[in-house]
Amino acid sequence: MSLNYIKNFYEGCVKPPTVIGQFHTLFFGSVRMFFLGVLGFAVYGNEALHFSCDPDKREINLFCYNQFRPITPQVFWALQLVIVLLPGAIFHLYAACKSINQDCILQKPVYTVIYVLSVLLRISLEVFAFWLQIHLFGFQVKPIYLCDTESLGKKPNILKCMVPEHFEKTIFLIAMYTFTVITMVLCVAEVFEIIFRRSCFLFKR
């Protein structure tokens, strides 16, 4: 997905009412997607092909790889992006249908509450994704994976498997954790900005 396409799509939508929200949308839409789409494919694209066990047999490699990766990181992070973007996308779709502009979101309490709820839901989804990512992938990719082949009736029951490019994958994991933390911080900051700007609007009245 090109940056021009994202820019045109972004300009056609109702922009978030906060400066932090606009930066967050641009951050999400360009940097995170580019990082995942380009670098994620480069690091994880051929992982299954280069994952090898001892003995190096195709059926054993496939079995152990499926055990090592119940879900591939690319699929997980793509789902994370889509799910986390949903609350904001639904709100902006609703705002576009109702012809709600940026000022209305901050001036009318009902729109402010709905927008804040969408941001809080986004934070909750990011926290859940962060916990799930830790549970699935941990913080480090080790060069050796011990595969349990007892269900295959193979002996020995524990086989050693080589994980390709484990150091690059560890760096990428840390980067994705960092993206999630930055996103959560931006969302929290956006809530405070909304409260501050709403308070200023009420004070001026």
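Every residue, even glycine, has its Cβ placed from backbone N, Cα and C.
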Disulfide-linked residue for Cys147, taking Swiss-Prot as the record, within Cys64, Cys200: Cys64
Membrane side match, Val19 / Val110, Swiss-Prot record: yes
Per Swiss-Prot, the disulfide partner of Cys53, chosen from Cys161, Cys187, Cys200: Cys161
Nearest-integer angstrom distance between the alpha carbons (Cα) of Cys147 (disulfide bond) and Cys161 (disulfide bond): 7
Nonlocal residues around Cys161 (disulfide bond), in sequence order (Cβ under 8 Å, 6 or more apart): Phe51, Ser52, Cys53, Asp54, Asn61, Cys64, Tyr65, Phe68, Ile144, Tyr145, Leu146, Cys147
Number of helical, extended and coil residues in the topological domain 'Extracellular' (44-74), per DSSP: 18 helix, 2 strand, 11 coil
Averaged pLDDT, computed only over the residues in the topological domain 'Cytoplasmic' (192-205): 74
For the transmembrane segment (75-95), sequence-distant contacts whose Cβ falls under 8 Å of one of its Cβ atoms, 6 or more beyond its ends: 13-14, 16, 25, 28, 32-33, 36, 40, 105, 111, 114-115, 118-119, 121-122, 125-126, 129, 132-133, 136-137, 176, 183
All-chain count of other Cβ atoms within 10 Å of Cys64 (disulfide bond): 22
